[in-house]
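Asker: Checked Swiss-Prot, it gives:
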TRANSIT   1-22  transit peptide
COMPBIAS  1-13  compositional bias 'Low complexity'
REGION    1-40  region 'Disordered'
MOD_RES   Lys38  N6-succinyllysine
MOD_RES   His108  tele-8alpha-FAD histidine
MOD_RES   Lys173  N6-succinyllysine
MOD_RES   Lys173  N6-acetyllysine
MOD_RES   Lys391  N6-succinyllysine
MOD_RES   Lys559  N6-acetyllysine
MOD_RES   Lys775  N6-acetyllysine
MOD_RES   Tyr777  phosphotyrosine
MOD_RES   Lys802  N6-acetyllysine
MOD_RES   Lys802  N6-succinyllysine
MOD_RES   Lys884  N6-acetyllysine
MOD_RES   Lys904  N6-acetyllysine
Amino acid sequence: MASLSRALRVAAAHPRQSPTRGMGPCNLSSAAGPTAEKSVPYQRTLKEGQGTSVVAQGPSRPLPSTANVVVIGGGSLGCQTLYHLAKLGMSGAVLLERERLTSGTTWHTAGLLWQLRPSDVEVELLAHTRRVVSRELEEETGLHTGWIQNGGLFIASNRQRLDEYKRLMSLGKAYGVESHVLSPAETKTLYPLMNVDDLYGTLYVPHDGTMDPAGTCTTLARAASARGAQVIENCPVTGIRVWTDDFGVRRVAGVETQHGSIQTPCVVNCAGVWASAVGRMAGVKVPLVAMHHAYVVTERIEGIQNMPNVRDHDASVYLRLQGDALSVGGYEANPIFWEEVSDKFAFGLFDLDWEVFTQHIEGAINRVPVLEKTGIKSTVCGPESFTPDHKPLMGEAPELRGFFLGCGFNSAGMMLGGGCGQELAHWIIHGRPEKDMHGYDIRRFHHSLTDHPRWIRERSHESYAKNYSVVFPHDEPLAGRNMRRDPLHEELLGQGCVFQERHGWERPGWFHPRGPAPVLEYDYYGAYGSRAHEDYAYRRLLADEYTFAFPPHHDTIKKECLACRGAAAVFDMSYFGKFYLVGLDARKAADWLFSADVSRPPGSTVYTCMLNHRGGTESDLTVSRLAPSHQASPLAPAFEGDGYYLAMGGAVAQHNWSHITTVLQDQKSQCQLIDSSEDLGMISIQGPASRAILQEVLDADLSNEAFPFSTHKLLRAAGHLVRAMRLSFVGELGWELHIPKASCVPVYRAVMAAGAKHGLINAGYRAIDSLSIEKGYRHWHADLRPDDSPLEAGLAFTCKLKSPVPFLGREALEQQRAAGLRRRLVCFTMEDKVPMFGLEAIWRNGQVVGHVRRADFGFAIDKTIAYGYIHDPSGGPVSLDFVKSGDYALERMGVTYGAQAHLKSPFDPNNKRVKGIY
């Protein structure tokens, strides 16, 4: 028997080889040293699995010839998806597992469930998983899933970590999740074996717990089978059949296996680390990597029984209660990649690399000192799949209709499985999930990145290594940068631009007055023999963001904002998505796609939403009507019929493209969608002086009469043809210039030269965030999401409900309007100058009625501004009188601050400034 202290000595005496080198699977009898004994809960299954593969014995039951949906993979996600499909009434659902249920990754997972995460959607998903495993499955089947409610304890060794936990506690109040911030002394009383000398405090969540993966998956399979679903084990999938319809759309046709084929229109890829291989069978890109992920199980520890599970984030270690012992694991900076994923791997394990694992042992011994003299009963090192942003991959693949993803769960497949299985089932049956799943949707990644090996590897490494880091609101990745750069990148970098990354693009964040801060090649934080960058200016500036207070450059952002309000600012918005929708059916398609009336004369520009069939908002964007053109140019493609120019936030361009494409396919529209995002740049000149500046650059009259708001024209700027639009995302007089790529730099320089005497300065997206919330403009996927309707969000003016023209989502909006709104988006301001970022609880008359979706500081009104949806605790409609009559407060990190509710933006509520009235 090895002890944890001996393991530390072994690791020190035997340095390991390159961390990137893949290691082959081992069976129970082949391990040496501390890994000789692996008495994990599935030892019998493992030993049985070392003989002849069960696959050779044939499938566990005959294959049906047809199915309505085939789920590939019998792990947590596969079983949860099958169960929820059956529960929602889907007939003909089949699950294919190449070995036995839980093989591959699920069988060796720790099975932890924490109820609080820094995401409102994830809190909801976790709550559903907990309901399923702790109550619903047992009620349905009479079987125990192995759920144990022993509570969870998050450890804070510094002030910022404790602040993060207080944020989680405030969010939990909006969802009824009980949690308590404990002092070190209170923590010691709860967990007597814990060292609390270095603690600032802890967050205790009494209803957290653990799940048994084998028990849960077996029970899910039985419950699904009772509802008519089929589970077929020992049946590897060897291919995906695809057909192309009359409109050139690729669709799923069937599944091939070693034992026959199944005709089906729908496949769900829940294959874990093998998901990329399954994707390749269908020509679908699945951006994930496989890594070794490990934990050790200790011998018996006196006094550990009934203790809560522990996450010591600052030590990057977790301690899971396992009877009268502990499982110890975590996330390291130098994880081992599994370079060549074997399709023979089922219930095997890797040898544990003690040098890699040492840091977790050190952290565990520091937190629970008795572990230093405690023996190691077993080690478990198996494969897990990880993704570029540490979020799962879900939804319909943009390359293939009927091919859904449910993979890449970053070692959280058990805890997220119930919620995600339910949402995936809705996605398959109804075309969309019920919740806002954009953060998990495969369409959140641009298609140019999802098969880019360096980007996938770098980002997956960084997200793994930072998994236990504090989640700060304005953090940025260092990995996978400079993938997409617009024509102004070098120009702005030289002027001190500090860039953010969105959708692969480098976009301006803010401008540092002390010179360039370029993003350098990823250094893996010094792991794998890489040399960490020294004197890295960008990393230093990013470190200033690691706070829940105002950052040091708060005043720099203030300067950018007030320059825009008082004179003028230029924003490089080239990362925007820019599409053309043209063709004979383009007007019919536009009427159906867009909630607003966009059938205005050429030269008009309309702000609109795109909705789903439930009336939820899939996008907000501008749509500009084009005049027919017989000669193509970057600013106007040649087309017959009708044409529209679409511009939307670049971070969601792929989502928009996929949504529009799917709707056009479903409607069988005869029109063309053209992506010109890479061909055009875009700068926005905003502020009271913008007209005077641009009048020197553009060859046209810019008066209100000659160039009204919400119109566009093809003009020349410093001799270059551009599309000028009179629009504003910040609530000021201003114009956007959409510019062919080759003309961006000369046009930008001409604007800056003309603006020098007017006080024109560069500004970035941190300023846009502040200016736009101050004006009351919405940001998609912040205060406007696929589960929010325009009526709830105060955007009824974007919906052509007074016209007879049908549009996608109209029926749902009409039903919602007739029934009364059950929640509304409300603007709040506070006199206390404290930063808020979202997730803060909203109190009304002493009751929690929601949480903040988005918040920032408004420099013109000199107040913190927050937006959040509120509901009536009694369950009734939320009227305007309900909003106005309440006494409000916002809870930030456990402290409440009085707040004033507004029905309109407190800044320029009559919209005079965008009209040029100052």
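Sequential numbering from 1, following the chain as shown.
Every residue gets a Cβ built from N, Cα and C, even glycine.
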Asker: Any idea what the Cα distance is from Lys559 (N6-acetyllysine) over to Lys802 (N6-acetyllysine), rounded to a whole Å?
Answerer: 43
Asker: In Å, rounded, how far does the Cα of the residue listed as 'phosphotyrosine' sit from the Cα of Lys904 (N6-acetyllysine)?
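Answerer: With the alpha carbons as reference points, the distance is 10 Å.
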Asker: DSSP three-state call for Lys802 (N6-acetyllysine): helix, strand or coil?
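Answerer: DSSP call for Lys802 (N6-acetyllysine): coil, neither helix nor strand.
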Asker: Which of the three DSSP-derived classes (helix, strand, coil) applies to Lys173 (N6-succinyllysine)?
Answerer: helix
Asker: CB neighbours of Lys559 (N6-acetyllysine) within 10 A?
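Answerer: Step by step: centre on the Cβ of Lys559 (N6-acetyllysine), count other Cβ atoms within 10 Å, giving 18.
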Asker: Inside 10 Å of the Cβ of Lys904 (N6-acetyllysine), count up the other Cβ atoms and send me the figure.
Answerer: 12
Asker: Spatially, and counting Cα to Cα, which of the modified residues is closest to Lys802 (N6-acetyllysine)? Options: His108, Lys173, Lys391, Lys884, Lys904.
Answerer: Lys904
Asker: Out of these modified residues, His108, Lys173, Lys775, Lys884, which one has the fewest other C-beta atoms within 10 Å of its own C-beta?
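Answerer: Fewest other Cβ atoms within 10 Å, among the modified residues His108, Lys173, Lys775, Lys884, is found for Lys884.
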Asker: Of all the modified residues given, namely His108, Lys173, Lys391, Lys884, Lys904, which is spatially nearest to Lys775 (N6-acetyllysine) at the Cα level?
Answerer: Lys904
Asker: What does the structure give for the C-alpha distance between Lys173 (N6-succinyllysine) and His108 (tele-8alpha-FAD histidine)? Integer Å is fine.
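Answerer: Cα to Cα, Lys173 (N6-succinyllysine) and His108 (tele-8alpha-FAD histidine) are separated by 33 Å.
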Asker: What's the CA-CA gap between His108 (tele-8alpha-FAD histidine) and Lys391 (N6-succinyllysine) in angstrom, rounded?
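Answerer: That separation, Cα to Cα, works out to 20 Å.
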Asker: I'd like the Cβ neighbour count for Lys802 (N6-acetyllysine), meaning other Cβ atoms within 10 Å of its Cβ, all protein chains included.
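Answerer: The Cβ of Lys802 (N6-acetyllysine) has 7 Cβ neighbours within 10 Å.
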Asker: Quick check for the class: what is the C-alpha distance, in angstrom and rounded, between Lys904 (N6-acetyllysine) and Lys884 (N6-acetyllysine)?
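Answerer: Distance (Cα to Cα, whole Å): 11 Å.
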Asker: What is the Cβ neighbour count of the residue listed as 'phosphotyrosine' at a 10 Å cut-off, with all protein chains included?
Answerer: 18
Asker: Tell me, by DSSP, whether Lys904 (N6-acetyllysine) is helix, strand or coil?
Answerer: coil
